[in-house]
Ligand code: ATP
């Protein structure tokens, strides 16, 4: 792969995202805050649509999955129990010449990917396996040795002069109390999962859930990432969509496979092609995990994780039970065929699905970004140009249809307004009168609007309009009375859900 091409592509997407109101650098007028981003008018619509799709795919399509919205701040002992205070670290290493800081594991993973791309996957796999072993044993000196042995150089200085590898805790903390200066700091949650675990019994009892059941949550999470780059791929403040599925011990393997397949189908259903998705088993398991797999998407900068599926055993609930001294058990009165008696009390096992809303957004945007060469006009006036458009799934497009009067007279603007008024109760639609019709199409293409509706002379006679399709640029004529059903069918979430 040519690294020049990769970065140009991401650069184009970043520029596009800014220019057309999808993503802005946070506090840009002060030159920005590293790895923090804001979503603009089109970005927030796209992101909300993705979140709503996920939410409904979880809580509406599954009778045994319910929602939760827990607070960002939690009692600090939560993070002791979860293992984050002691173990939520990344191994970091600095280059002495450039003073640039890297994640030691990322340097090694990139080296392994290099072997793989050069046609030596066995060597790549051996390297990741060795790294996994060293990290599991917390052998940081060994990790450094491996980096040196692999002759990994700093991308800036080009040298191998590395510091020792150290662990760096990724949690942000803030003042816990306004009145008690000795109060322990509170953390900004580094994952939404713990809000679900500590509410396990509240939810189970209040919603009268029977195992197996799931709790879904969407919310902000914060991590002081060592190397924050690749746009919104790695942020310090981001959003997670997590679902913890509580199961009877011994059945977790089946549920792990079920959710693994279900989550992959979701990504394909919203328009990420199967060829750009793959599973990647973890080489180094997190402190809580029995089995873990990433769903990776092929970004312009390579295959990277968008979602993690983890079999977490009873680790979290047991930890909370011990530290809080509150039982986290479920009474299962289903009969165990082996004993003929109810399964009785146990701490459930958990299978987790955890996807980043921002990474899903970036994957969707990267996939949608299209540049095609088209020929316009006839004879001497014929010209070839590049058309840029966002081929978003209509269900997630920020605006579903744009309504244009062909000209600003003869009652056409009024007719367009009438159509707008009728459609806005169902869809996010806009009207536009300025500029030539071609320019108006272009503006909608750039933000991924699937339909442009044009009111012309004929409309005033027979109440029909032309509907121009974003991807094919084809136009069809249809009665105004059919627009609502036509657009509704195309943008409906049902189109996604039917594929799940
Ligand atoms: P990575 O290895 O890339 O740091 P992770 O394995 O630590 O990710 P998880 O803890 O499994 O990530 O979090 C679940 C999901 O949350 C990830 O798949 C990703 O989509 C999202 N996520 C995690 N960290 C970030 C971040 N810094 N910025 C944006 N999204 C993130």
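Glycine is treated like the rest: Cβ placed from N, Cα and C.
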For the substrate site that TrEMBL describes with 103, 238, 239, 240, 241, 242, 352, 353, 354, 355, 356, which of these is also annotated: 56, 145, 150, 191?
191
Nearest by CA distance to residue 357 (ATP binding site): which of the binding-site residues is it, out of 103, 238, 240, 242?
240
The rounded CA-CA distance in Å from residue 306 (ATP binding site) to residue 355 (substrate binding site) is 6
Does any of 223, 225, 236, 306 have a Cβ within less than 6 Å of an atom of ligand 1? These are the binding-site residues; tell me which, or none.
223, 225, 306
How would DSSP class residue 225 (ATP binding site) in three states?
coil
Which of the binding-site residues 103, 238, 353, 355 has its Cα closest in space to the Cα of residue 223 (ATP binding site)?
238
Test of understanding: give the count of other CB atoms lying within 10 angstroms of the CB of residue 353 (substrate binding site).
24
If you count the other CB atoms within 10 A of the CB of residue 234 (ATP binding site), including all protein chains displayed, you should get 20
When you measure from the Cβ of residue 238 (substrate binding site), which residues in the chain that are at least 6 apart have a Cβ under 8 Å away?
220, 221, 222, 223, 232, 356, 357, 358
